[in-house]
């Protein structure tokens, strides 16, 4: 088998080689953080430290797209969970987050989805100038190297490879055709002029291998002496002198020290860890901080509030086809490495839909993937079949991230309140019905065992399309689609240039700044936010 490619990253520091201070400290080497640190270090006259709790993303797990599920609940995963969710029957929902250089871009399904122009125009209407669609589009394009070529919506000169899916399985093609037979329009580009419709997702893959934010942004910066990556390093708390962040206290493999901040610190730890680090550092609701044993530095009530996520569930049907992969995938991996082809290059089809004709943008997204999805997606989908996953794309339900304990190593309390809003439940119900209708089209019934009763007996679908049966299935099977956002909301926690209100030199750059969750996956928007943060700082 062709050996795994060893990534070239900027110099790795440890406690013996790290400098005492840096001009810019970026905490969190995820989708946004890698982009931000790389852009900041383009200026040779500044020093940049990029802090990451996890190790470098080395080896086949981080390269082979179809192996993403093997990272879940390992040392590379923060492995969060919610508090008991009332609308999920009291279950605790599993919340994977990448604990590795590249963050969740090193372990996601690589779909390149920006969201709808309505999302960003809404941000601007909510009082955040400079965040409308016309403002953010150039920053999406700045990152992008789209293999289709450049046009009004896409670019080819950026570091992030965006490609069409390779080796598309006939079942996926049949789903797209069946969805059209059911009355839905084809869409060749979900990131183009229109989002609504069905089609094939573009992916962040380069020659069939994962192109994470680390691969895209840090590898080209490998020779920069002014960029230092400190991996396997946990950020414990920010130390303040008045309103100014003076230093970051970190733990590198059991050795605790302080890194001084010359200019700015940017928090890019994601929608769970960014508010949690602020709370641990004394920035947040003063009453909550005091009750949790953390001395308040700044009373900022909305830290950790306004949390949003995409919640949904899969319905699955067994197929008459042979399994795509078996226990031994060595030949398929070799095919992928040598020719950039084959079933190890994960790809999906799907679509964006409106639950009502009067809506300004789609409010339901559907993923369609090979295999049977079980146990919140934890099991590798190797059983022959197909799964359709609808979720509420613009949820009204809101949750929060709160202190569990003043000890900096404690995980936060996470209350998502999934499907708490009655309209969210209605829309998910409609999404499941939509998937049922597509499954009944002849292009799929010839390939799938699409009898609803048989799928229900296996626990893979509702027993009927009646409201009460769908609602029972939703309570039993819904989970997170892993797109948390909004916990350091722009307009209440940060200003439009991502500066934390009340502090002099602290910014946030990740999905936690989103005023409303985008219609779609969040990796591409997170990278865009990193690009924007760099531009704000450089200006």
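Cβ atoms are placed via backbone N, Cα and C, with glycine included.
Per TrEMBL, the feature domain 'Glucose-methanol-choline oxidoreductase N-terminal' maps to 98-121, 270-284. As annotated by TrEMBL, FAD binding site applies to 100, 104.
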Contact set, same chain, for the domain 'Glucose-methanol-choline oxidoreductase N-terminal' (270-284): CB under 8 Å, 6 or more residues outside the stretch: 27-28, 30, 78, 80, 95, 97, 103-104, 235-240, 292, 294-301, 303-304, 307, 401-403, 406, 408, 412, 414, 484-488, 500, 503, 508, 510-512
Sparsest Cβ surroundings (other CB atoms within 10 Å) among the binding-site residues 100, 104: 104
Secondary structure composition of the domain 'Glucose-methanol-choline oxidoreductase N-terminal' (270-284) [DSSP: H/G/I, E/B, coil]: 11 helix, 2 strand, 2 coil
For the domain 'Glucose-methanol-choline oxidoreductase N-terminal' (270-284), mean pLDDT (0 to 100): 99
